[in-house]
Amino acid sequence: MTISERSMNRPVGIKPDPSKKPVYLTKAQREQLALQDEIADQKRCHEHLQAKYNCPSSDNHYCGKNRKRDRDRNSDRDRDREKEPNRVRLENPAEKELEAIHEQYLGSKKPKKRVITSSAKLRSSFDWQNSEDTSRDVNPLYQNPHEARPHFGRGFFGGIDRREQKKLAIKNEREMQEEIWKKGGVEATAVEAAALKKKEQNADLYDTFDMRVDQHWTDKKLEEMTERDWRIFREDYNISYKGSRIPCPMRNWTESKLTTELLKAVERAGYKKPSPIQMASIPLGLQQRDVIGVAETGSGKTAAFVLPMLNYITRLPPLSEENEADGPYAVVMVPTRELAQQIEDETVKFAHYLGIKVVSIVGGQSIEEQGFRIRQGCEVVIATPGRLLDCLERRYCVMNQCNYVVLDEADRMIDMGFGPQVVGVLDAMPSSNMKPKNEDEELDEKKIYRTTYMFSATMPPAVERLARNYLRNPAVVTIGTVGKATDLITQHVFMVKESEKMFKLQRFLDELGDKTAIVFINSRKRVDTVAKNLDKSGYRVTTLHGGKSQEQREISLEGFRTKKYNVLVASDVAGRGIDIPDVAHVINYDMPNKLEAYTHRIGRTGRAGKTGVATTFLTLQDTEVFYDLTQMLIQSNSHVPPELARHEASKLKPGSIPGRPPRRNDIVFTH
Ligand SMILES: Nc1ncnc2c1ncn2[C@@H]1O[C@H](COP(=O)(O)OP(=O)(O)OP(=O)(O)O)[C@@H](O)[C@H]1O
C-alpha cells in the first residue's frame, strides 16, 4: 500500500492536508495505521456475516458452534504438533539440515524398518519355551546328558576321557536293556548276555589314544593310514596328482603289489627305496591307468615305467610259436639311440630274472637284423620312432598284441619332428583295445586295454595335444615343480665374451681332478673343434654328436662311462636321458636356445640323489633365453650375474607385451 492509498484510512489525529506533499510516516505511525486497517476489516467481515445469517453476534448458535469447532480443531492441531515434534521441526529447513547432520554423525533415532528375509518367513516359531516342556525322556542316558569332563594334562585328547565315556554308555545300555527284559517278563539269552559282556570288556580295554594323530605316517601300518596321513605323505615327497580315482601311492617296495620276482630284481638292482615318481606312478601303472609323469632329471623315471610294464607282461601268456609273430607286448619310444640303449639296459636289469626278452630298434644298425630279432619273439621293444615305423612299414614286424606304450622324453620327440612317426606307430596298434573316451564308462575287468605312459621332465603344449588324442582319462603325476632343475645341482652362470670361453673352460677342467665333466656345445662342428683344442692341450676328451656313426657314438659313450676319458664334449644328443653315474660338472659352453634344453642338459649331473655343479657361459647373443634363465636362477636361489639381471631382455619375456598382467599359464617367480 502506498502512502497516498493509506491516506484513505488515515489514523485519528492526523489531519489531511491536500495542499501539502505526502508526508513520510514513522514506523509507529505505520503500525498504528495497519492496526486500524485490521480492526476495520474485521468489523466489516463481522457485519457481513451478521447480515447473511441474521443472528445476534453474542448468542449466535451457528457461530458459537463454529467457533467451538475451530477451537477444537486448533487444540487438536496443537496436540498433534506436540506428538510429532520431528515432523514439525523438519518443516524448518535449517532444522532439517541440522537433523541430517545429526543423523549422519550420530545415527538416526528413527526406528529401523525390520527386514524379513525369505528364510525367516519359512522359519516356524513355537509359542512355547523349552522350559515349558514337561515330558521326560524314558532313556536314562538322555535324562542325565553326559557332560564333558576335561582332564587336561592327564594324557587325554582334548582333555576328554573317551574310555570313561564309552564305559558309561555301555552301562546305560545294559540298564535300559535289563528294564526292557523285566517289563516284557523275559530273560536275556546266553548270546545276548555274552554280547553285552563283550561290549563292556571292550569299553574297558578301549585305547584312549585311538586317534593316533601323534604318530607319523612312517610309524603306521598301511591299513592305519588316514586321508590326512596320505596328504602329509604326498607333501613330504612333493607329489601332486591331477585326475580322478587316483590310487594311494606306495610307501615302500613291499607295499607296491609288484610280483615277488620283480621285487627280488629291484632288490638286486640295489634300489632300497622307491623314488617319489616311482611311489606315485607304479600303483597307477599296475591298475593299467594312463599316466603323464613329470619329474626332475635323474629321479628314476625309467624304473617308474619299466616295472609296471614288466609286471603287466608277467600276467600275459608267455610268447610261443603261435603268438611271437604278432609282435611285442610292449613298446617304449625314445628320442635318441643312446637313450634307447640305456633304457634297454635298465629294462634287462629287471627283465632277465623273469625270462622277458627285450630288443632295441634304433637307426644306424641293420634294419633286417633288427626285424629278424623281433620276429624271433620279444616281449618288449625299445625304439626310436623313425626306425620303428620303418620296420612296421617294411613289414619286418607288427604290433598286433601291443597294449602297453611308453613315450619317454615325449616333448623331445615332438621337438625333433618325430610327431608323425610316433603317431604312425600308435596307429599300427590295435585300436580296439583303447579305453572308452567316457571316463565314467565301466571297464571290462577281463579285457586288456591299451595303457599309455608319457614321461618327461618338461611338458610343453604340443605333448599335451598328443596326450589328449592317445591317452584316456590320464592321471597326471608331477613331482616338484614342472621344468625346474633339481635342487641337488648348484647352478653358476657367467657372462663372457665368445673369445674368453676356451680359456675359462680350461680353468674349470683343470679343477676336475679324477672327476668327470660333460661340455655341451650347440653345433656338431664346434663340438669337434673344441674337442680338438682340448685334446691338443692334453685333456682326456671324447665327443658325442649326431654326425658320428653309431659305432663311434657307442665307443665314445662307453669310453666316458668307464672313465677312459674324463671329458665328454657333446651336442644336445647327450642332453636328454643319458644316465652316466658321477658326472661332477656340466658345462654349457654354449647356452641352448630353450630353457627346457638347459634343464635337461644340467640334469646329467646331480642324479639319483647325488649332488652336482652346472656352469653356463652366457654371451650377449643369448638374449632369447635371458628372461627364462633369470627366472630359473631366481627360483633355484642361484646367483644371477648383475649384467644379466640388469639387461632389458631379462625383464620381459620375449614376445610378451609390456604392462600386460600375467596370464594364467605364466609362471611368475618372486625374489
Ligand atoms: N629307487 C631307486 N633307488 C636308487 N637308485 C635309483 C632308483 N631308481 C632309479 N635309480 C637310479 O637313478 C639314476 C637315474 O634314473 P633315470 O635314468 O631313470 O632318471 P630319469 O628320471 O629318467 O632321468 P632323465 O630325466 O634325465 O631321463 C639311474 O642310475 C638309476 O639306476
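Every residue, even glycine, has its Cβ placed from backbone N, Cα and C.
All TrEMBL annotations are machine predictions without curation.
Residues or ranges marked as compositional bias 'Basic and acidic residues' in TrEMBL: 69-96.
Beyond its flanks by at least six residues, the domain 'DEAD-box RNA helicase Q' (251-279) meets 217, 222, 233, 237-239, 286, 293, 295, 299-301, 303-304, 307-308, 310-311, 314, 349-350, 353-354, 477, 479 of its own chain at Cβ-Cβ distances under 8 Å. The annotation domain 'DEAD-box RNA helicase Q' is assigned in TrEMBL to 251-279.
Among the features that TrEMBL reports, domain 'Helicase ATP-binding' is placed at 282-477.
Helix first, then strand, then coil: DSSP counts for the domain 'Helicase C-terminal' (504-648) stand at 65 helix, 26 strand, 54 coil. Taken from TrEMBL, the feature domain 'Helicase C-terminal' applies to 504-648.
According to TrEMBL, the feature region 'Disordered' maps to 1-23 (among others).
Residues or ranges marked as region 'Disordered' by TrEMBL: 52-96 (among others).
Look at TrEMBL and you will find 129-156 (among others) tagged as region 'Disordered'.
The region 'Disordered' annotation in TrEMBL covers 644-671 (among others).
Positions annotated as motif 'Q motif' by TrEMBL: 251-279.
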Structural state census, the domain 'DEAD-box RNA helicase Q' (251-279) (DSSP three-state): 17 helix, 0 strand, 12 coil
Mean of the pLDDT scores, which run from 0 to 100, over the domain 'Helicase ATP-binding' (282-477): 85
